[in-house]
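Marked as compositional bias 'Polar residues' by TrEMBL: 289-299. What TrEMBL records for 282-309 is region 'Disordered'. Annotation comment: TrEMBL describes 21-42, 48-67, 74-92, 112-131, 143-167, 179-198, 210-230, 236-259 as transmembrane segment.
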Amino acid sequence: KCSHLRLACQTEPKPYYTSKLWWCGITLLGLGEVGNFIAYGFAPVALVAPLGCVSVIGSAFISVLFLKKTMRAADILGGTLTVTGTYLLVTFTPNVPQELTARRVQNYLVSWPFLVYSILEIITFCILLYFYKRKAVKHIMVLLMMVALLASLTVIAVKAVASMITLSAKGKMQLTYPVFYIMIVLMATSCAFQVKFLNQAMHLYEATAVVPINFVFFTTSAIISGVVFYQEFQSAALLSVFMFLFGCLLSFLGVFVIARNQREEHLQIPFIECGLIPGKKSTGKIQPDSRSSLYGTLNNEDDSVKSQS
C-alpha cells in the first residue's frame, strides 16, 4: 500500500513491480505465509487459525507509522479485545501432542465423522454454487460462505502436508506415501478456488466489510474442520472449551471494531482544472447535475441554453 501511494504521487508513475519497496513488502508477506504454514506442523488448527487476528492488529497499528493514518479510539479498543482473546486462545487451546503420520492421515480420511462432514459440506457448497451460477446471487454472505467451505479443506490439507514434512525433516520419511501428494493437490485446488471467490467479494464489496466477515467465517470453518478431522477437542475439559470459544468471540469483536467505519482510501488522481480547458472559465462545471442528460460530460453552452429553454 505504501509503495502504491508513493508511485501515485510521482509525476511519471512507474509500474508497481519496478518498486523495490513493493518487492520488499511481497517478500515479507511471503515469509509470513511460510511461517503460518510451518505453524500448522507444530500446533493445533484450532490455535493457528484464530491467531490470524494478529495480522489485523498489526495492519491497524503499522498503518499509523507507514501510511500516516490517525490512531482511533476504536483501534485501541479493538486491539485490546483481540489481544485478550488471543491470550485466552493460547491458554485454553487443548494442545494434545500427536504424531501426524501419513498412515494416521489416511485413517482420518476414511473415518465416519469426516465422511459425514464432507458430504454435508459438498451438499452445502453445491447449493450455494447453484444460487451463485444459475440465480446470479452474489451476496457477500454467499461468496464468503463458499470461501469458508473451501478454506476448511485447505486447512486440513495444509496441516497434513506441514506435519508430514516436519516428520520427514526429523528423519521419519513420510513423503513416499501417496496421501502426501493427494493432500498437496487438495491444498492447491481449494486455495485457488478460494482466491477466485474472495476476489469476487473484494470486487463487489468494501474491504472493510469483507475482511472481518471472511476472518470470522474462515476461523469458524477451520476450528470445525480441526475438531472433526483431527479430533483436537476430544479430551478437552468443558471449562477449556468454553474459555476457548470466549476467546474466539473476543477476537471476532476486536476485528469488527477495528474494521468498523474505516473508509477506503483511494489513490490521489490528478484532475484538470476548468481554467486550463480552452474556451472554459474557471467557474464552469465539469461534472454537472446527475439528473441532467449530460451527466458525465462537459456542458456545452448551446446545450445548456437549450436545456434551460
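Positions of Cβ are set from backbone N, Cα and C atoms, glycine also.
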Long-range Cβ neighbours of the transmembrane segment (236-259) (under 8 Å; 6 or more residues past either end): 46, 50, 53, 56-57, 60, 74-75, 77-89, 91-94, 208-209, 211-212, 215-216, 219, 223
Paired segments the transmembrane segment (48-67) and the transmembrane segment (210-230) in contact, 3+ CB pairs under 8 A: yes
Cβ pairs under 8 Å between the transmembrane segment (21-42) and the transmembrane segment (143-167), at least three: yes
Positions on the same chain near the transmembrane segment (74-92), where near means CB under 8 A and six or more residues out: 47, 50-51, 53-54, 56-57, 60-61, 239-241, 243-244, 246-258, 260-261
